[in-house]
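Take a look at the structure below.
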Amino acid sequence: MIFPKSVFYLSMRTEDNASTITEFVLLGFSDLPNLQGLLFGVFSIIYVIVLIGNSLIIIITRLDAALETPMYFFLANFSSLEICYVSVTLPRILVNLWTQDRSISMLGCATQLCFFLLLGATECFLLAVMAYDRYVAICNPLHYPLVMNHELCLKLAVGSWIGGIPVQIGQTCQIFSLHFCNSNHINHFFCDIPPILKLACGDTWMHEAAVYVVAMLFVTVPFMLILASYSKIISTILSLPTAGGRAKAFSTCSSHLLVVLLFFGSASITYLRPKSNHTAGIDKLLSLFYTIVTPMFNPMIYSLRNKDVIAEKMSTY
């Protein structure tokens, strides 16, 4: 693959007889030179689908008074998050495919990673909050309006959005405090922790350990809370006397459960497996899944599984 001359430009400075990279190259899908145009078209369509699908959910939940419930309040927040989450990576991918200039400054790479981590943490927290909402609705339906009041919903949403800011900014600063040498080629389509750590000089075990600790905090803990909520939900559903009641109760949380499995499954494999098991191809595939594919399907999953959203959509035509 022949890159533009500017892509091979390597900004370096000499300090203590060592060279430090100040510019990276996102290799992305450069190993598929004959598919660049096709990939640009596919990703453009996906981006439009994500924007339109999630925007429709936000608009519908805001316009219809019948959907002014905690469940749809969190769903609107989740759709807003998905738009932001995809916008961190996809526009850059499209620019790289269109211009074939894959260079990115150190500051640009750090900024992309920071926002990616912040929004990823928000998604983990928000999915846990949505699971708690379903737990209260199904397991304590009589107290649901009192427990999930507007004030609590607002606090939970704000907490989900800002809860990861200090830790993720700190983690980004820690990653980019490393010295990078020998190569400035990031074998990925965006700035992510595993491929960046591979470029670092010397022993990075302390940084890898910090990544595992943060992943445990922001991925494993919310996932365990979700599992606890759903264990109670499933137990309650199975105790319902009629099959119709069980089906109706499960239908209100099945879409959320599917999204949880898709997101946490791929994210956990990416960040919790040992560095020695990381391969560029698998990392790219998994990252595509939880950064692009899942946000594309989320509006479809929620709208197809939720009768209220379907009814409102039909009434607008």
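Glycine too: its Cβ is placed from the backbone N, Cα and C atoms.
Pulled from TrEMBL:
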TRANSMEM  38-60  transmembrane segment
DOMAIN    53-302  domain 'G-protein coupled receptors family 1 profile'
TRANSMEM  72-95  transmembrane segment
TRANSMEM  107-132  transmembrane segment
TRANSMEM  209-228  transmembrane segment
TRANSMEM  249-273  transmembrane segment
TRANSMEM  285-304  transmembrane segment
Within-chain partners of the transmembrane segment (285-304) [C-beta distance under 8 Å, separation at least 6 from its ends]:
43, 46, 49-50, 53-54, 56-57, 75, 78-79, 82, 85-86, 89-90, 116, 188-190, 192, 255-256, 258-259, 262-263, 266-267, 269-270, 310, 313
Taking every residue in the domain 'G-protein coupled receptors family 1 profile' (53-302), what is their average pLDDT?
86
Same-chain residue ranges lying at least 6 outside the transmembrane segment (72-95) that approach it to Cβ under 8 Å:
26, 28, 40, 43-44, 46-47, 50-51, 54-55, 57-58, 61-62, 101, 104, 112, 115-116, 119-120, 122-123, 126-127, 129-130, 133, 153, 156-157, 160-161, 189-190, 291-292, 295, 298-299, 302, 308
